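Since the structure comes first, as structure tokens, the remarks are kept for the end.
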Amino acid sequence: MATSDADDSLYPIAVLIDELRNEDVQLRLNSIKKLGTIALALGVERTRAELIPFLTDTIYDEDEVLLALAEQLGSFTPLVGGPEHVHCLLPPLESLATVEETVVRDKAVESLRIIADQHSQGDLENYFVPLVKRLASGDWFTSRTSACGLFSVCYKRVSTNVKAELRQNFRNLCADDTPMVRRAAAGKLGEFAKVVESECLKSDLIQLFNLLAQDEQDSVRLLAVEASVSIASLLPSEDTEQLVMPTLRQAAEDKSWRVRYMVADKFTELQSAVGPEITKNDLVPAFQSLLKDCEAEVRAASAHKVKDFCQTLSPDVREQIIMSSMLPCVKDLVADANQHVKSALASVIMGLSPILGKDNTIEHLLPLFLTQLKDECPEVRLNIISNLDCVNEVIGIKQLSQSLLPAIVELAEDTKWRVRLAIIEYMPLLAGQLGVEFFDEKLNSLCMTWLVDHVYAIREAATLNLKKLVEKFGKDWAQQTVIPKVLQMSRDQNYLHRLTCLFCINLLAEPLGQDLTTKLMLPTIITMGSDPVANVRFNVAKTLQKLAPQLDQSSIQTQVKPLLEKLKADSDMDVQYYASEALEGDIDGIRDGNVEIVIALVRLCAQIRWLSQLGCGEAILINLSPGNTLASISSQA
């Protein structure tokens, strides 16, 4: 009996060993994902004594298996007996932190950071800090890069002497021969700066920041820029000006566009970190320089920050700085040769209106908006139209209609159909911003004009546009404004316009609902069933088939089916075909149009007959009465 119990207790670890040696990667991966269950089966003592050493000794596998293992170990503390035993998880994670694959190392470091907080101060100094030192002095750069992410999680809870050792180790990594290590150190410098003492920040870390910011590798320098945000936020204004700003000024003019891009990308964060005085004296000229940069990527990143930068300026100098320093740069960007730069600016430029007020907007910004509304790049136009409500709030709808709306109307009537198409797509957005009254007065007639455009793509887009407008403004608006004009097209001499009428009815039926569709739309469709053009007549049949779910049974029996029967005997073969298809599909009692249900029923009945012939039970009688659902029929079967 005792032998049997021992065998049972060994079984989980035996299964794990067997599966981890299996040739199938997926099987090995599944076994790693079940480590928690296996640890529970073994108990905390055997997990510490057998499972963890086994995992430490067998860390050689496919990257995805190692990744799963690194993730699992981060949540293993309760399974090894709690915080007092958490240090036993360090050996396998240390090994994982040195592997070649970056994602595995990163996950191992992430798990190490989690369990670092679970160490007592004594265990931190006895077990965790020695691990950090071993990684930081490892022969392979992989271990040294991993070490960079561990200093900040243990620094605050160790003794003064150990802190000095950790700072020295971090200093060594910042001066490492391998660029990848220096890059990792630069990436963690800001995080480390937040936990060191103020005097150490000034004496040690500022020196490291300057060293990394002048590194020969631009990938290291750009990460130093990121660290500058954290460092500047920790220092008093006078220290920031003296210790950080000289390096930042150099970074804003760095020979590498990637470094300048990083400065532009982090600019508003830097602005918040350094305060209003340094912003006025140092960051404004630097931002002007970035907005005029020779690289489009840098200009685009800077353009994205224009509104936020201007908004965060000190109120007493905001308007003066924008008008004298920012606006000339913005005017140049409006005419930039690169569409990404113009698009980035267009997404934020409208936000300057509330900052500058009504007079400055009318005098200085409206001409820029007009230029961008006529830009050949559709994304630029969309970004302007998408933010019209910002300007509307500042200058009012009347001024907006006098200035920007004529440009929109001009685009809507452009000779190039693709330009007209772009404006149609923005119309529901405009309608929502301008309101129903203004829309009816200025833009409604334009939307109806598009329905009779000579280009099919425009007519199709116009019908979709109408549906969106009805969904936005409601049924009452549609009944008064849209439906009469749509139905009037059914009597147009041009058969293409009569077809457009049918297409509109197809799309509007759903938002209008059954009552309005039956009352207002159906009579027009019935009348068009006698159209002299066969193309119109077979589209009537298709429309009736599609609208069947929106109509009541009385209308189907008294109006729809008689017309379809008539069209079924039409002289045109296409009309006959579509009328027959409508009668055999939705109209003939199958209200949801799902012909697949009929096919499923036929197959089900055939299978039942086949089973009966084989003698598999008695013949099954299925009630196919109208009240039976497919689910009830299946249950009978």
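Positions of Cβ are set from backbone N, Cα and C atoms, glycine also.
Under the heading repeat 'HEAT', TrEMBL lists 12-50 (among others).
For 89-127 (among others), the entry in TrEMBL reads repeat 'HEAT'. A mean pLDDT of 90 is what the model gives for the repeat 'HEAT' (89-127).
The repeat 'HEAT' annotation in TrEMBL covers 166-204 (among others).
Taken from TrEMBL, the feature repeat 'HEAT' applies to 205-243 (among others). For the repeat 'HEAT' (205-243), residue counts in helix, strand and coil come to 33 helix, 0 strand, 6 coil, using DSSP.
For 244-282 (among others), the entry in TrEMBL reads repeat 'HEAT'. Listed as Cβ neighbours of the repeat 'HEAT' (244-282) (distance under 8 Å, sequence separation of 6 or more from its ends, same chain) are residues 206, 209-210, 213-214, 218-219, 221-226, 228-233, 235, 237, 289-290, 293-295, 297-298, 301-302, 305, 308-309, 312-314, 317, 321.
The feature repeat 'HEAT' is assigned by TrEMBL to 283-320 (among others). Same-chain residues lying 6+ beyond the ends of the repeat 'HEAT' (283-320) with a Cβ under 8 Å from its Cβ atoms: 248-249, 252-253, 257, 260-261, 263-265, 267-268, 270-272, 274, 276, 326, 329-330, 332-333, 336-338, 340-341, 343-345, 347-349, 351-352, 355-356, 360.
Per TrEMBL, repeat 'HEAT' is recorded for 326-364 (among others). A Cβ distance under 8 Å defines the sequence-distant neighbours of the repeat 'HEAT' (326-364), meaning residues of its chain 6+ beyond its ends; these are 287-288, 291-292, 296-297, 299-301, 303-311, 318-319, 371-372, 375, 377, 379-381, 383-384, 386-388, 390-391, 393-395, 399, 403.
Sequence-distant contacts of the repeat 'HEAT' (365-403) (same chain, six or more residues past either end, CB-CB distance under 8 Å): 330-331, 334-335, 339, 342-343, 345-347, 349-354, 356-358, 410-411, 422-423, 426, 429-430, 433-435, 438, 442. Summarising the annotation, TrEMBL assigns repeat 'HEAT' to 365-403 (among others).
A Cβ distance under 8 Å defines the sequence-distant neighbours of the repeat 'HEAT' (404-442), meaning residues of its chain 6+ beyond its ends; these are 366, 369-370, 373-374, 378, 381-382, 385-386, 388-389, 391-392, 397, 450, 453, 455, 457-458, 461-462, 465, 468-469, 472-473, 477, 481. Annotation comment: TrEMBL describes 404-442 (among others) as repeat 'HEAT'.
TrEMBL lists 482-520 (among others) with the feature repeat 'HEAT'.
For the repeat 'HEAT' (521-559), the list of distant contacts is 483, 487, 490, 495, 498-499, 501-502, 505-506, 508-510, 512-514, 566-567, 570, 572, 574-575, 577-579, 581-582, 585-587, 591-593: same-chain residues at least six beyond its ends, Cβ to Cβ under 8 Å. Residues or ranges marked as repeat 'HEAT' in TrEMBL: 521-559 (among others).
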